[in-house]
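These come from Swiss-Prot:
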LIPID     GLY2  N-myristoyl glycine
COMPBIAS  111-124  compositional bias 'Pro residues'
REGION    111-218  region 'Disordered'
MOTIF     130-134  motif 'LYPX(n)L motif'
COMPBIAS  161-173  compositional bias 'Pro residues'
MOD_RES   SER192  phosphoserine
REGION    345-393  region 'Interaction with host PIAS4'
REGION    430-435  region 'Interaction with host UBE2I'
COMPBIAS  434-466  compositional bias 'Basic and acidic residues'
REGION    434-538  region 'Disordered'
COILED    438-478  coiled coil
COMPBIAS  486-519  compositional bias 'Basic and acidic residues'
ZN_FING   502-519  zinc finger
Amino acid sequence: MGQTATTPLSLTLDHWKDVERTAHNQSVEVRKRRWVTFCSAEWPTFNVGWPRDGTFNPDIITQVKIKVFSPGPHGHPDQVPYIVTWEALAVDPPPWVKPFVHPKPPLLLPPSAPSLPPEPPLSTPPQSSLYPALTSPLNTKPRPQVLPDSGGPLIDLLTEDPPPYRDPGPPSPDGKGDSGEVAPTEGAPDSSPMVSRLRGRREPPVADSTTSQAFPLRLGGNGQFQYWPFSSSDLYNWKNNNPSFSEDPGKLTALIESVLLTHQPTWDDCQQLLGTLLTGEEKQRVLLEARKAVRGEDGRPTQLPNDINDAFPLERPDWDYNTQRGRNHLVHYRQLLLAGLQNAGRSPTNLAKVKGITQGPNESPSAFLERLKEAYRRYTPYDPEDPGQETNVSMSFIWQSAPDIGRKLERLEDLKNKTLGDLVREAEKIFNKRETPEEREERVRRETEEKEERRRAEDERREKERDRRRHREMSKLLATVVSGQRQDRQGGERRRPQLDHDQCAYCKEKGHWARDCPKKPRGPRGPRPQASLLTLDD
């Protein structure tokens, strides 16, 4: 109880130091988090049989590697170091990997067995091996059939100088030189498997004298590395399918970095690669920056010509890739060359270019951050991955994000203590909560309807208010007119003096009343005027 199953992925995580050491031997760097992500989430989606817990099956690893190295938008350059390291663990397994390595059956032997004559009985019992490269020479006659056809384009190399670093080996003791066999140098160090162009296939010497071994590029016996030069089609495709170094140094640098990691080129191959992909001025600039990156024993850039020439020579050096020392020189040379490409690709400092990088309407925060970092690398002398530059990159990320994301990031609590990773995570949350175009359209339509409804209600309210105010004014006016007429009547009555009971109201004399007043004219009485009333219709 309590036991957990061990998987290839968990095994690599438990021995992460060994994984990093293997990656360093391949001139690459790996990170644990991305290692887990690619193994458990990315590679299973390639539909090549990769399990979520990882595998050391070389066939499945090869299928994943083909997907990763696919040209164009279907490739995954960022996953190259990880699949290369995983392949190295499967090809040259450490002790803790060997129990998980799938034995590789001799698939090449059965198809060619019917065409071979019957083999003589062996004097010793046959021994089984996990690695076909370590099988007995008597059982490996059909191996030369795996190599490319001798009638291929390699025939043109007969007229050229021999390729670099060929180790012809010492002459045989009996003085008989055989072009098909090369005697191994005694005491030569055991070579470790490498990828692609320097393939560490261990092929036994071929005893069949009818198989041509005149080409040094096909030398594969006795643990020697096989050498394949760049094909003209590869160089042509790389040059025509990628922008120039001056136009987009980042993209071309990524291509050359991928080639350096996967093909493990020699010094001559590097010169051929630079001469094809770069102009003369660009190549000189790259070489100059690479020589500036050479470090001395104290770890600082050195100015000593001897140290610089030893680490990054301008003329063809005497480095043998069949020896550990020669391979170490080549690994260091490729690292310096990559540093020279990165430094030469930086444009003059132009902070305006960096400030001009803004987040697109539908661009994710992670993609925007990558563009922002690339602008820092290209237009400034600062490294965005440097912890000392994290504050500047964070501020640029906030200010140049989309308006809705930037406003919410500025209102975060304890903003000064937030790391760049924290800001990216918060921005991702805000970005993922954005409404879809359909939701946005529905919201705009709903807001428009609500606005129209509010406008109509406001118009009705104002109309009612105007009517109420008009009625109130008319009522006041009517009340004023009626009140004035009433006051006129009452005022006339109040102006009449008080009369005695025997006093005339007309002449004010006593002794008679107004109807009997002799001074009052006796004519027909006119009609009494009527008070006129105003109505609302008037």
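Positions of Cβ are set from backbone N, Cα and C atoms, glycine also.
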Field: For the region 'Interaction with host PIAS4' (345-393), the number of residues DSSP places in helix, strand and coil
entry: 27 helix, 0 strand, 22 coil
DSSP helix/strand/coil residue counts for the compositional bias 'Basic and acidic residues' (434-466): 30 helix, 0 strand, 3 coil
Task: With DSSP as the yardstick, break the zinc finger (502-519) down into helix, strand and coil residue counts.
output: 3 helix, 2 strand, 13 coil
Message: As a test of reading the model: what is the averaged pLDDT for the region 'Interaction with host UBE2I' (430-435)?
response: 85
